[in-house]
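Asker: Sequence annotations record features per position, and here TrEMBL assigns signal peptide to 1-23. Look at TrEMBL and you will find 275-297, 339-365, 371-391, 412-432, 444-467, 488-521, 527-555, 567-586, 598-626 tagged as transmembrane segment.
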Amino acid sequence: MDSRRRFSTIAAVLLLLIHGSHCFYLPGVAPEDFQKGDELKVKVNKLTSTKTQLPYSYYSIPYCQPKKILDSAENLGEVLRGDRIENSPYVFKMREPQMCSTVCQIKLDAKTFKAFKEKIDDEYRVNMILDNLPLVVPIKRLDQEAPTVYQLGYHVGLKGQYSGSKDEKYFIHNHLSFTVKYHKDLQTDAARIVGFEVKPFSVKHEYEGTWNDKTRLTTCDPHSKHTVVNSNSPQEVAENKEIIFTYDVEFQESDVKWASRWDAYLLMSDDQIHWFSIVNSLMIVLFLSGMVAMIMLRTLYRDISKYNELETQEEAQEETGWKLVHGDVFRAPSNSDLLCVYVGTGVQFFGMLLVTMMFAILGFLSPSNRGGLMTAMLLLWVFMGLFAGYASARLYKMFKGAEWKRIAFRTAVMFPGIVSAIFFVLNALIWGQKSSGAVPFGTMFALIVLWFGISVPLVYVGSYVGFKKPAIEDPVKTNKIPRQIPEQAWYMNPIFSILIGGILPFGAVFIELFFILTSIWLNQFYYIFGFLFLVFIILIVTCAEITVVLCYFQLCSEDYLWWWRSYLTSGSSAFYLFLYATFYFFTKLEITKLVSGALYFGYMLIASYAFFVLTGTIGFYACFWFTRLIYSSVKID
């Protein structure tokens, strides 16, 4: 009965993971029903560019404005992402098509011309929202059977030349042809919005007489059923030019249900690559597992049995390897306080990632819950301070430390302090560019309150509890005089072995890393947390096993300085992560601005630092468990 229950539990977990990898989610908002004729309010979000990585608010350029601009309440994650959600002059009526509705007419002066020109140059895209769905541009692939690809937002405009001319001109997308897809309830006649698409056009609108609110356009007239279908006569952006903004709205009934409306956005056509990544990583894990099994079952068992059978001191003298350093292996390392701080921070980071992924797999952090992922990670980081304090204090007491408050303070402020310093510098650069990505003072204050008001006290509570516990006893006694470490072979050089140790953990994650970087820097959705969780588990196992293997080789060479080496061995994978991020910058991104480049490398430095703390802590605990296990098996007189 128990085995049957265990099997059903395992099956349920696997099923959940597979569902998670194929966009299973719980909706982030409750559905809203619309009757025919109900008002649909389109909201505008930030302007984004993959070339500059600097978001701007929609009204930072002279688009048509409503009578009063109203800001939507944004959560912490949205503000940190640079989202600025505001109302717009685009108002639809549910299931009532509109043709050639005029929004406004503007005349460009030198300042407004420059604003549009710069945004077109940097390939900025306009983002809008309807019923919490982002606006997308559908792009049909050449292969007819391939599913339609959706790009978030439409370009502000484009560059081109008139036929027969070599002069490059700027053209604006001033006519938007919207398509609102809805799913109708046959019983109530109410409908739910399941799609929001646009086809942008550049049209030089013409009219007779002088312009006023009731002027009829000759290029786009609903009365004569004359609408815009191409950009053959585009609207040029130049000083003193007049631009008229218009739009159409078409409503299409869809078979897609409200609960599945995000599936098209999150469509993953290249899931074979992710499975290849998983298989590739599993090969690494199997290889390392084989090595660990060989060490544990064969070598160690034989060594321990042989060592325990020795009768005379002379025979013990003849023995070499890890057994000889038993009197020094648990000697406290240099800078032991700093090691305690880093281990505590790593536990905090590990806890945050684990819980975040659990929530993400269950669908609570779907893209429909905009900013939810970042908000969840920040709050979890704050509350995991409890475990950070506990872990650092336990290790500190084992090293015979007495000032637990000092170690608690360092654990609470060191990692966040370094990250905050980099973040403040980057934020100052964003402020200088007048970007909406700059974190406002109010949000900055909220982050400081979270840090010092909640996280720091929780670290102290964790440290107090950890320090009150009995100290972890060493399995063997430590000699008073340190043993001399013999000269090591070239391949056991600390720098060489540390750098070698980081290759395999990085190799286990680098394919998934490509998709994560693409989602962050190329403005795409990442929602394959099922795959990511599997990769995370593989990363943990890889870090643990490579550290145990290299730690064993180090101890066999009679080098007992394993504490820091174990942390740095798996932690060095962060160095490869940063190298890969540099490679990605030069091969995949088109960033040309110095500020944008500084932002990229600044944020990737923070990510690499966090990855170092995470992987280093996993490696350290694996080696800590391993050394305690093998030396507790040896009888010492």
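Note: Cβ is positioned from N, Cα and C throughout, glycine not excepted.
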Asker: Against which stretches of its own chain does the transmembrane segment (339-365) lie, if we need a Cβ under 8 Å and a gap of at least six residues from its ends?
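Answerer: The answer is 16-17, 20, 24-28, 333, 372-373, 376-377, 380-381, 384-385, 387-393, 395-396, 399, 401, 407, 410-411, 414-415, 459, 529-530, 532-533, 536, 563-564, 567, 610, 613-614, 616-618, 620-621.
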Asker: Taking a Cβ cut-off under 8 Å, which residues six or more beyond the ends of the transmembrane segment (371-391) line up next to it in the same chain?
Answerer: 28, 74-81, 83, 343-345, 347-349, 351-352, 355-356, 359-360, 364-365, 408, 411-412, 447, 450-451, 454-456, 458-466
Asker: Are the transmembrane segment (412-432) and the transmembrane segment (527-555) close enough that 3 or more Cβ pairs fall under 8 Å, when only pairs 6 or more apart in sequence count?
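Answerer: No; fewer than 3 Cβ pairs under 8 Å.
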Asker: Taking pairs 6 or more apart in sequence, does the count of Cβ pairs under 8 Å between the transmembrane segment (412-432) and the transmembrane segment (275-297) hit 3 or more?
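Answerer: In this chain the transmembrane segment (412-432) does not contact the transmembrane segment (275-297) - fewer than 3 Cβ pairs sit under 8 Å.
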Asker: Under 8 angstroms, Cβ to Cβ: which one of 275-297, 444-467, 567-586 has the largest number of such pairs with the transmembrane segment (488-521)?
Answerer: 567-586
Asker: The transmembrane segment (275-297): which same-chain residues, six or more beyond its ends, come within Cβ distance under 8 Å?
Answerer: 504, 507-509, 511-512, 531, 534-535, 538, 541-542, 545-546, 548-549, 552
